[in-house]
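First up is the structure itself, then whatever we jot down about it.
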Amino acid sequence: MTDTVDERTAAAATGTVSTSTVVSSSTVVSTSTVDGITVEKRGLMDYQEAWDYQKELQQRRIDDEIGDTVLLLQHPSVYTAGRRTETWALPQDGTPVVTVDRGGQITWHGPGQIVGYPIMKMRSKVDVVGYVRRVEDMISAVCHEMGVTSARGRLHDRTGVWLPEDGKGPERKICAIGVRVRWATTMHGFALNCNPDMTFWDRIAPCAITDADVTSLSQELGRDVTVEEVLPLVEKHLGLLLERD
């Protein structure tokens with residue numbers, strides 16, 4: 001996921017966490033609050049179901065029925081293609097691809113990857129680029145705390161969180177980012193690779209980039225880094241998504 005779509009303009013602090021568990025007829029949702037942001041941890045969730053739920057939450061946030069909310073989850077294996085996806089970047093073996101209403105091109109989601117969907121209202125001017133920079137900063141902070149200290153956002157004007165070329169390999173992306181903004185309210189978000197099956201990227205040109213690689217926290221640290229280990233750090237740093245004066 002890279003790039004952004006803004007339909008209206010065409011265009012840190014760690015927080016105290018409080019938690020609870022909500023049981024519905026269909027799923028168990030663990031909820032918490034970080035710096036005033038409601039966090040829903042939904043485990044493994046079908047992509048289409050999550051997309052529909054995002055759209056519902058986005059409209060409710062636009063209408064001020066709810067406050068800022070972030071969904072944290074994993075998806076069953078799925079390829080998704082944003083509005084700028086080139087045909088040549090798609091799987092050539094007929095693997096199904098879901099076309100979605102975010103910016104960017106094609107990427108993969110699946111187990112071993114933390115997917116985050118912030119549903120947040122911009123409080124001043126609609127600054128999509130500034131918002132994406134905050135997402136990059138938040139994920140970079142998570143990577144640094146995990147020990148991947150070279151992670152940084154926006155390498156060579158490419159959206160996402162990247163590691164520069166070094167002794168371990170060429171430039172490589174550890175987190176993809178793609179958003180949609182409607183009436184100053186965000187949806188879609190980020191995908192941080194913890195310990196996914198990296199072979200799924202072999203079928204595509206991730207984000208239509210052919211001169212760089214994809215990596216994970218496990219690959220960079222040389223050990224198995226699970227979603228369960230990293231999720232509390234993502235939650236801890238969510239306050240970095242908020243606009244600051």
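For all residues, glycine too, the Cβ spot is worked out from N, Cα and C.
Given the structure is predicted, the values throughout are model-derived calculations rather than measurements.
What TrEMBL annotates here:
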- Cys207: active site, acyl-thioester intermediate (ACT_SITE)
- Arg102, Gly103, Gly104, Gln105, Ile106, Thr107, Trp108, His109, Ala176, Ile177, Gly178, Gly189, Phe190, Ala191: substrate binding site (BINDING)
- 64-245: domain 'BPL/LPL catalytic' (DOMAIN)
- Lys173: site 'Lowers pKa of active site Cys' (SITE)
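You'll find the Cα of Lys173 (site 'Lowers pKa of active site Cys') roughly 14 Å from the Cα of Ile106 (substrate binding site).
A 10 Å cutoff on Cβ-Cβ distances gives Ile106 (substrate binding site) a total of 25 other Cβ atoms nearby, all chains included.
Counting every protein chain shown, the Cβ of Gly178 (substrate binding site) has 28 other Cβ atoms within 10 Å.
Using a 10 Å Cβ-Cβ cutoff, Ala176 (substrate binding site) registers 27 neighbours.
Each residue in the domain 'BPL/LPL catalytic' (64-245) has a pLDDT score, and their mean in this model is 88. Other Cβ atoms within 10 Å of the Cβ of Gly104 (substrate binding site) number 27 in total over all chains.
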